[in-house]
Amino acid sequence: MPKLHLISLGCNKNLVDSEIMLGRLQNYDITDDISDADVIIVNTCGFIKSAKEESIQTILEMHEARKNGSLLVVTGCLMQRYKDELIKELPEVDLFTGVADYDKIDEIILKKQNLFSPETYLQANEERVITGSNYHAYIKISEGCNQKCSFCAIPTFKGKLKSRSLENITNEVKNLVKKGYYDFSFLSQDSSSYMRDQGINDGLINLIDEIEKINGVRSARILYLYPSTTSKELISRIIASPIFHNYFDMPIQHISENMLKIMKRGSGAKKIKELLNLMRNAQNSFLRTGVIVGHPGESEEDFEELCEFLEEFKFDRISAFAYSKEEDTASFEMEQIPAKIISKRLSKIEKITKKAINESLQKELGKQIYASLEGISSEGEMFYAAKKDIWDKDIDGEILINESDVKELEIGSLYLCEVSDVVDQKLVATIIKKAK
């Protein structure tokens, strides 16, 4: 069989697209050896400057390492956003495609022709090859975005919001449950807008209702809630759910009224704080957010207000980003803040972030928690790795398992564990017994 090497860069929404391509290319053997691959696919990210640079660097590295006669295929957001420039500037690449044709990747390779269909690909009933887990899967619920954030170019190359049908989503989950998957993360650019393109404002509540009816779904969470489209009713429905964890991932980007207006976030600080307090007051809640520092217009007062809020509110996880000046955005034409100031602000925010994460982890000491066994840890074979049941896979942390009262451990199974230590932002725990 011919051999395939695929690299998926950027977010987990990109990973889903990569898994769809793998589903179309099941006549290939997957190889980790680039020099042995007959086809190499790079699924790129084009969101911010650092992601674009990583994508270009990866493409060039793949070209350097590949064997004669192999095909180098580049797809994804970077290609969609800069297709004309990159086709001219990357002679190393054999085939180009964007964000519209993941389900046609086999035809593109067979015909050896570039393809850029006009509409962003919206997943229907295509079979995916899930990677990196035998129990957890990401489920994409929509494509595109109708928001108008001043810093974000995603709507310019991903298009307007397009929601998958409830039937498509539930069928995918049912099929994955049959294969042994029991833990799901539902995601999109703006998950709380799900079905609003079809005139339904509580689409996410409807989705929760339907997922709860599926036997075999043990746990779930929703990623990328957007403040202006997140309702108190939605939060209450998540809290009431026996399946969906009280996991709230809502990037606020800022908390200063001035900055929320400049960033065109669509909701003020008062509403954001009301939503966050509802989330925090839920039993065993877990709150994740994201912020941007150095956006044009951010004064020292705005920045200090953000710092104070992050220190006071005690998020469990915070992702902090330096503002990236992007073409085709409202903030591109604004007066920019000097890079030195942005770097200094980011450094301060990162210290707050680290402290918040450590405090969240320290709360787990001595507790008994449920966690899924992942395999060998990032620290090597001395430890197994596990994921706490409420956490999202990969982004919320790793539990190091150093001892077990259970002799025969099964990768992907859920275990009751006791947390004994926190080391380098990782929990250390002992497995007590297998969950029922």
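In case you wondered, yes, glycine gets a Cβ from its N, Cα and C as well.
According to Swiss-Prot, the protein carries these features:
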type    : residues               : note
DOMAIN  : 2-114                  : domain 'MTTase N-terminal'
BINDING : CYS11, CYS45, CYS77    : [4Fe-4S] cluster 1 binding site
DOMAIN  : 131-368                : domain 'Radical SAM core'
BINDING : CYS145, CYS149, CYS152 : [4Fe-4S] cluster 2 binding site
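Overlay of Swiss-Prot annotations on the structure.
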residue : record                          : Cβ neighbours (10 Å)
CYS11   : [4Fe-4S] cluster 1 binding site : 19
CYS45   : [4Fe-4S] cluster 1 binding site : 21
CYS77   : [4Fe-4S] cluster 1 binding site : 27
CYS145  : [4Fe-4S] cluster 2 binding site : 21
CYS149  : [4Fe-4S] cluster 2 binding site : 21
CYS152  : [4Fe-4S] cluster 2 binding site : 23
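Averaged across the domain 'MTTase N-terminal' (2-114), the predicted model reaches a pLDDT of 94. Of the chain residues outside the [4Fe-4S] cluster 2 site list CYS145, CYS149, CYS152, GLN147, LYS148, PHE151, ALA153, ILE154, PRO155, GLN189, ASP190 have their Cβ within 8 Å of the site's Cβ mean position. Rounded to a whole number, the C-alpha distance linking CYS77 ([4Fe-4S] cluster 1 binding site) with CYS152 ([4Fe-4S] cluster 2 binding site) is 13 angstrom. Classification of CYS77 ([4Fe-4S] cluster 1 binding site) by DSSP places it within a helix. Among the binding-site residues CYS145, CYS149, CYS152, not one has its Cα within 10 Å of the Cα of CYS45 ([4Fe-4S] cluster 1 binding site).
In the three-state DSSP scheme, CYS149 ([4Fe-4S] cluster 2 binding site) falls into the coil class. Excluding CYS11, CYS45, CYS77, which define the [4Fe-4S] cluster 1 site, the same chain contributes LEU9, GLY10, LYS13, ASN14, THR44, GLY46, PHE47, ALA51, GLY76, LEU78 within 8 Å (Cβ to the Cβ centroid), listed in sequence order.
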